[in-house]
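Database features (Swiss-Prot):
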DOMAIN    23-104  domain 'Lipoyl-binding'
MOD_RES   Lys64  N6-lipoyllysine
Amino acid sequence: MKVLENLVYTKTHEWVRFEDETTALVGLTDYAQQTLGQLVFVNLPQEGDETVTGESFADVESVKAVSDVYCPVTGVVSEINEELLDAPEKINDTPYEAWFAKITDITEKEEFLSPEEYEEFVKKEME
């Protein structure tokens, strides 16, 4: 399982890369994609959609199941990664480059885990 130092993480296995205080990219962690298995479909939010911290804003379908992806910030979707619509396997291949959406006008943030805290959280979850 790969965890990058320049990101923060959630207990629902999303990663967040802040570009500044009110703009962030959101994606699924390496652990999440490994657990889900080969992804075959992704449903992304629409540009202009409002997001709410802790609520589902996308979903992914693997050969095993359909899973919600939760937004760790409240804001507005300013851009989606359209490449994922045609190639959801990019989430499996390069999870930390395969961002789902850019969220701007962020007004609320989830309590995030540092890379070290996330690694510990996953270890406990795997026990």
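Glycine is treated like the rest: Cβ placed from N, Cα and C.
These numbers come from a predicted model, not from an experiment.
Within the same chain, residues at least six positions away from the residue listed as 'N6-lipoyllysine' with a Cβ under 8 Å of its Cβ are Leu36, Gly37.
Taking the domain 'Lipoyl-binding' (23-104) as a whole, pLDDT averages 97 in the prediction.
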